[in-house]
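As annotated by Swiss-Prot, Cu cation A binding site applies to HIS180, HIS198, HIS207. What Swiss-Prot records for HIS329, HIS333, HIS364 is Cu cation B binding site, and it gives similarity to another entry as the kind of evidence. Taken from Swiss-Prot, the feature disulfide bond applies to CYS99-CYS115, CYS114-CYS181. According to Swiss-Prot, the feature transit peptide maps to 1-88.
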Amino acid sequence: SSSSTTTIPLCTNKSLSSSFTTNNSSFLSKPSQLFLHGRRNQSFKVSCNANNNVGEHDKNLDTVDRRNVLLGLGGLYGAANLAPLASASPIPPPDLKSCGVAHVTEGVDVTYSCCPPVPDDIDSVPYYKFPPMTKLRIRPPAHAADEEYVAKYQLATSRMRELDKDSFDPLGFKQQANIHCAYCNGAYKVGGKELQVHFSWLFFPFHRWYLYFYERILGSLINDPTFALPYWNWDHPKGMRIPPMFDREGSSLYDDKRNQNHRNGTIIDLGHFGQEVDTPQLQIMTNNLTLMYRQMVTNAPCPSQFFGAAYPLGTEPSPGMGTIENIPHTPVHIWTGDSPRQKNGENMGNFYSAGLDPIFYCHHANVDRMWDEWKLIGGKRRDLSNKDWLNSEFFFYDENRNPYRVKVRDCLDSKKMGFSYAPMPTPWRNFKPIRKTTAGKVNTASIAPVTKVFPLAKLDRAISFSITRPASSRTTQEKNEQEEILTFNKVAYDDTKYVRFDVFLNVDKTVNADELDKAEFAGSYTSLPHVHGNNTNHVTSVTFKLAITELLEDNGLEDEDTIAVTLVPKVGGEGVSIESVEIKLEDC
């Protein structure tokens, strides 16, 4: 393929290795596992002026791109110098030269460097161009894969692990895992602030690009350009367990830092929050399908709810998650990680280590599949059109060890990228909860008004409040134009802890929160432990939004001026404070 063999010739090998020793010295002394998040394989070729490989839309570097170069790659200009350009401010690729220490938790640094090798010609890294494609790579459901496929996947992964012998090989298993560590645990800064690819609209495109290169690296290691990653089909009852190929001890796909209680076919809880709950298997599966319906349909009618909050350059990181990143993405991480035996939930239960478990990529393949599935549901479910999103950039190595810049705008169509998903039924599509636990409307007069309950210092018990809607009896046209959003402002909590709370409408605090398959269940908030390097008190503050138009219809509350809302903490609630709650109408 023409582009994948384009070289970025290294001016000197010496400068490459010396640029690593400072950042990566601890990496060499600790050969423990690293992380798996997306670059691919083969040897460093770097050229001092290889910027001829530019995507079609980038033939003319516009001001936005030039700014990316200055701020992101060269690191020569401070963000303050460029502040007037705030009207066009996509996130640039990270400045590899200033990549620093990643943090496991507050005051605890990752004991090795998560920084990638720095190409010699760092200031002229080209844009990636898709190589010619003969046939689509079809990603299969992991639980249904045959032995021939499993053998190929195991071989590719073991070959990738063997590349760890050279700790600076960007295609090595640990270097691939470290991509996630660097982008997610505070090693990079952009515009003077920490770069974080979770908790915002960067979540889906970053992980799609990460898996794209990871998959191509695996294929190149077994000389199979059609090789495709499997997806963990946790949204279907047949896939609601660790896929067998990952549960064989001694296999390259096995990781011993997993929760041992969740092996051997244990049904996964897509709302898992770090505590074992004695819920019957059928109820867990029912809850799972309910959660999928809520996250894909009810709570994500518009792009902003699905993708997450806007994150242009210069804003604080982690402005807010989209629905799928929140659930089931985060609970699957927590459920898989070994929180009983590992202090920080390693490997899957912490961003810095998640890529060290091969199942990470399988999990994220299904997360990525949800992007495609969501757009198929219809309505206003389409990609964002904001230029700051479309022009945001990341840095990856391809399977030939060539460094590239990639843009969000180039990953919106999986087929154009050369891959697709083997179809599986999606039973959650028709799993709208209709069972009601409340006949009629709950008496809101007997429930404290929102202004008396908030600000709330700690969510250490279930609380109920009544809240007034901005408009009632809305017409179909009004609903199509604007979504009704239940908004929790300044939800603050310790970001080193697991957090989950559930939200119900039209019930009081006697609600049975273990059964989610009911019309009153509105949604949940979750958080995986993570840290911001410059955040010494480790308190994160987010805005949590739930789309409730469909819920109001299903509960017969469309004509009501005031409704009841109940919050039920599941874990970490004693550390959660909420400043205020309101209902807003937002353009879809």
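Start at 1 and count along the chain as shown; that gives each residue its number.
For all residues, glycine too, the Cβ spot is worked out from N, Cα and C.
On a Cα basis, CYS114 (disulfide bond) lies 20 Å away from HIS333 (Cu cation B binding site).
The Cu cation B site, placed at the center of the C-beta atoms of HIS329, HIS333, HIS364, has further neighbours from the same chain whose C-beta lies within 8 angstroms: HIS207, GLU325, THR330, VAL332, ALA354, PHE360, HIS363, VAL367.
Per Cα geometry, CYS115 is the residue among the recorded positions CYS115, HIS198, HIS207, HIS329, HIS364 nearest to CYS181 (disulfide bond). Fewest other C-beta atoms within 10 angstroms, among the disulfide-bonded residues CYS99, CYS115, are seen around CYS99. In sequence order, HIS363, VAL367 constitute the residues six or more apart from HIS329 (Cu cation B binding site) in its chain with CB-CB distances below 8 Å. With the fewest other C-beta atoms within 10 Å around its C-beta, HIS198 stands out among the binding-site residues HIS198, HIS364. Around HIS207 (Cu cation A binding site), taking its Cβ as the centre, 27 other Cβ atoms fall within 10 Å, counting all chains. In the three-state DSSP reading, CYS114 (disulfide bond) counts as coil. Within 10 Å of HIS364 (Cu cation B binding site), counting C-alpha to C-alpha distances, fall the following of the recorded positions CYS114, HIS180, HIS207: HIS207. When the binding-site residues HIS180, HIS333 are scored by other C-beta atoms within 10 Å, HIS180 scores highest. Nearest neighbour of CYS114 (disulfide bond) by Cα distance, taken over the binding-site residues HIS180, HIS198, HIS207: HIS180.
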